[in-house]
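Copied over from TrEMBL:
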BINDING   R72, S73, S74, N85, T89, I90, D91  substrate binding site
DOMAIN    20-151  domain 'dUTPase-like'
Amino acid sequence: MTAPVTIQVLREPGADPALPLPEYQTAGSAGADLRADLGGAELVLAPGQIALVATGLRVQIPEGYEMQIRPRSSLALKHGVTLPNTPGTIDSDYRGPLGVIMINLGAAPYTIQHGERIAQAVIAPVTRAAYVIVDALDGTARGAGGFGSTGRG
Ligand SMILES: O=c1ccn([C@H]2C[C@H](O)[C@@H](COP(=O)(O)OP(=O)(O)OP(=O)(O)O)O2)c(=O)[nH]1
């Protein structure tokens, strides 16, 4: 296993110090679970509602990496609760509160509990590109074909 990337974490003033930091549930988990810090309260997400859910944390990600915030499949499958902007992008130069944008696509209200695991954070290397203007692009067999050009199934 490669050495872990260190993410410096600052708790927001007033954040619940009892909440565990993002944590991997198994040795092979790609994502570390993020918890809702609701100040001890709960948050009801009505069908169709979008909310920015606080984690109570700020993070400092090393340059050259990003954090991707992804849904938990269990919440999505059982309740239709997911992230409308998945994966959320946390930039290495961002120093604000780490928030999770959630949406309830299910038919019933969903109650998020204080401390509930609401999403997962995946750390990934970032490749930066240089964009350059040209007069023509290389030809390929696919050409401009897309959006189902190769047929269905
Ligand atoms: O799910 C998310 C997505 C983003 N952010 C924070 C961290 C990220 O670095 C910053 C900006 O996100 P993004 O680049 O996706 O937002 P934007 O709409 O392009 O805004 P900006 O103009 O601030 O970049 O907001 C979150 O806390 N949670």
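Glycine residues also receive a Cβ, built from the backbone N, Cα and C atoms like all the rest.
Each residue in the domain 'dUTPase-like' (20-151) has a pLDDT score, and their mean in this model is 98. Less than 6 Å separates the Cβ from ligand 1 in the case of T89, I90, drawn from the binding-site residues R72, S73, S74, T89, I90 in sequence order.
Residues listed for substrate, R72, S73, S74, N85, T89, I90, D91, cover a largest CA to CA span of 26 Å. DSSP assigns D91 (substrate binding site) to coil, not to a helix or a strand. Cβ neighbours of T89 (substrate binding site) (same chain, under 8 Å, six or more residues apart in sequence): E66, M67, Q68, I69. Counting residues of the domain 'dUTPase-like' (20-151) by DSSP class, helix then strand then coil, yields 7 helix, 47 strand, 78 coil.
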